[in-house]
Amino acid sequence: MATPSGKSVLFVCLGNICRSPIAEAVFRKMATDNGEVDQWRIDSAATSTYEIGNPPDHRGQACMKRHGVSMRHVARQVTKEDFMTFDHILCMDESNLRDLNKKASSVKNSKAKIELLGSYDPEKQLIIQDPYYGSDKDFETVYEQCVRCCKAFLEQHS
């Protein structure tokens, strides 16, 4: 858990079993490797209820294992409290962004800055496509995008 003066980031996608848990795990590893993990509260969540209680997709887990990134997460949905307690909510696509902005508008004390994770990509790939109906290669693409974006985000907020 972060210190009182810590920073916080919540990664969000549709189901919280593919993209956002990958981003969470990648960011946690980067923050750990930089000796900054204790300064951060890091989590991920879904805009939908489809996968609540489920572990990350097995293809995503296999991709992370190949890259030596540990991944432990149980899917959950974004809560009103998330908007009041996280500094940053980073999502994967325009649909996530719309859903989050709509939910945030009903939260009185929302403090979270809601952005596309891809807005941090030095290669300007704004959208991180859902790999759920794709192949292992699509999960690899998500991983690579998350690495680039999380690195840039961490550098800007260290």
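Backbone N, Cα and C atoms are what each Cβ position is placed from, and that goes for glycine too.
Unlike curated records, TrEMBL annotations are generated automatically.
What TrEMBL records for 7-156 is domain 'Phosphotyrosine protein phosphatase I'. Among the features that TrEMBL reports, active site, nucleophile is placed at Cys13. Residues or ranges marked as active site in TrEMBL: Arg19. Here TrEMBL flags Asp130 as active site, proton donor.
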(request) Could you round the CA separation between the residue listed as 'active site, proton donor' and Arg19 (active site) to a whole angstrom and send it over? (result) 7
(message) Return only the integer: C-alpha distance in Å from the residue listed as 'active site, nucleophile' to Arg19 (active site).
(response) 6
(message) Taking only the residues in the domain 'Phosphotyrosine protein phosphatase I' (7-156), give me the average pLDDT of this model.
(response) 97
